[in-house]
Amino acid sequence: MQREVRMLQTDPPPGVWAAPKNGERLTELEAQIQGPKDTVYEGGLFRLSVDIPARYPFEPPKVKFVTPIYHPNIDPEGRICLDILNMPPKGGWKPALNVSTVLASIGLLLEEPNPDDGLVTDITAEFKHQRQVFDAKARQWTQRHAMPGSRDAAADAAGDGAKAAAAAGAGGGEAAEAPAGGEQQQQQQQQPAGADEGPKENSNPAAAGEGAAAGKPDQTVAGEQAAAHPAQPAKRPRLALRK
């Protein structure tokens, strides 16, 4: 399997990209297929999940679309109607096949859907009898879900960024500072209501002084006035000199 993954990264089929989903774990791959040119999927970037069973290559990989796609051979759950994804006698999987072959075949299925083996009845009927309606809906789905900059693409990018941040934190990066922030938040939550509302400084000292004086007892005001005008020390009486 390591050799297959290396080949997928160094010499993938045209329009296909694949890599381990969680770094070194080779049983779960994530893949991307570009929408074929001159089709209703052109310009789209479709993400897929690839799960490798324990008996691979004697069993086919389990491949599903993650990005929603309007296609007669792909249902809303992302399941794909493709013969090589199933075991004989109904399917055409062989141990000589590999993940690269499967992804390339899925790319061809986007280019040329197979209405004779449709998975979604309504979409298959549109493809056969109302081709313009099908084309319009398929293009709309591609614009909405698979185009770079679409909502789904932005969500995927955010997920990738979160994975990178988590990896940095595991390596002792900036994410290591997160617990400190958590303790600070916990301390703030433990404070009673109104505890964080301390006395606010007044930008006008004179007004602050007047307000403070108005709200204090007479003794306090008198004390402040006495502090502002300290009493002069008493003069010592002069002593008469004896002759």
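Any Cβ shown, glycine's included, is placed from N, Cα and C.
TrEMBL labels come from automatic prediction, so no person has curated them.
Features reported for this protein in TrEMBL:
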- C81: active site, glycyl thioester intermediate (ACT_SITE)
- 155-168: compositional bias 'Low complexity' (COMPBIAS)
- 175-196: compositional bias 'Low complexity' (COMPBIAS)
- 206-215: compositional bias 'Low complexity' (COMPBIAS)
- 1-147: domain 'UBC core' (DOMAIN)
- 136-243: region 'Disordered' (REGION)
Using DSSP, break the domain 'UBC core' (1-147) down into helix, strand and coil residues and give each count. 53 helix, 32 strand, 62 coil
Within the predicted model, mean pLDDT of the domain 'UBC core' (1-147): 95
